[in-house]
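Here is what TrEMBL records for this protein:
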type     : residues : note
TRANSMEM : 12-31    : transmembrane segment
TRANSMEM : 69-89    : transmembrane segment
TRANSMEM : 101-118  : transmembrane segment
TRANSMEM : 138-159  : transmembrane segment
TRANSMEM : 171-199  : transmembrane segment
TRANSMEM : 205-223  : transmembrane segment
Amino acid sequence: MTLSFFNQFMSPVFLGIPLAAIAIALPWILFPAPTTRWTNNRLLNLQSWFINRFTQQLLLPVNMKGHKWAALLTSLMIFLITLNMLGLLPYTFTPTTQLSINLGLATPLWLATVITGMRNQPTHALGHLLPEGTPAPLIPVLIIIETISLFIRPLALGVRLTANLTAGHLLIQLIATASFVLLSMMPAVAITVTMVLFLLTLLEVAVAMIQAYVFVLLLTLYLQENV
């Protein structure tokens with residue numbers, strides 16, 4: 001029983017073909033395509049309003065040089081929200097519960113912010129490794145600590161997203177299993193557990209959206225330090 005709870009996080013395979021790539025590419029088909037007409041429909045208007053508001057809020061603390069990242073960060077945000085939300089449907093696979101996929105998204109983007117800072121303002125970028133006013137005996141230790149914390153950033157991004165989604169999915173499956181088992185023995189308790197499961201599902205929807213936003217927001221903060 002314990003092992004079956006974790007089977008939902010295994011990458012599905014059909015006829016020897018991993019379906020993770022299809023699970024990653026499929027959400028893009030669900031978005032409405034832009035129209036060639038002068039006026040858009042309500043769905044396209046709502047989508048454009050959401051993207052514009054989010055982009056404006058996300059890049060508010062970043063200077064003009066960082067606005068070149070607007071399309072990339074907004075696309076990443078929509079992509080992560082879609083993957084996380086579709087993973088809550090029955091008989092689906094959530095790619096963002098895989099640490100390898102999250103690290104594959106976090107590491108290149110984090111490295112791009114570091115390279116941008118080293119290319120545009122190397123003195124300022126290296127200055128983050130040593131806080132101002134540090135006593136001389138603590139300089140080597142602080143440089144080592146700040147360097148380690150710098151390289152831990154992509155790992156923290158990937159682990160945060162993976163841990164939150166994995167914990168939520170496990171909790172939903174545990175409560176759903178308990179409700180199914182208690183249905184024949186204690187129906188009243190099973191109904192109560194089902195209500196808790198419904199509330200937890202709503203909470204997991206909010207977590208799926210918030211974690212995608214936090215992932216992109218932290219990348220924006222890393223970008224802000226380097227532009």
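For all residues, glycine too, the Cβ spot is worked out from N, Cα and C.
Taking Cβ pairs closer than 8 Å, the transmembrane segment (101-118) reaches residues 20, 24, 72, 76, 95, 124-126, 150, 153-155, 157-159, 161-162, 215, 219, 222-223, 225-227 in its own chain, all 6 or more past its ends. Per-stretch counts of Cβ pairs under 8 Å to the transmembrane segment (69-89) identify 205-223 as the leading one among 12-31, 138-159, 171-199, 205-223. Below 8 angstroms of C-beta separation, residues 99, 102-103, 105-107, 110-111, 114, 128-131, 215, 218-219, 222 of the same chain, each at least six residues beyond the ends of the transmembrane segment (138-159), sit close to that stretch.
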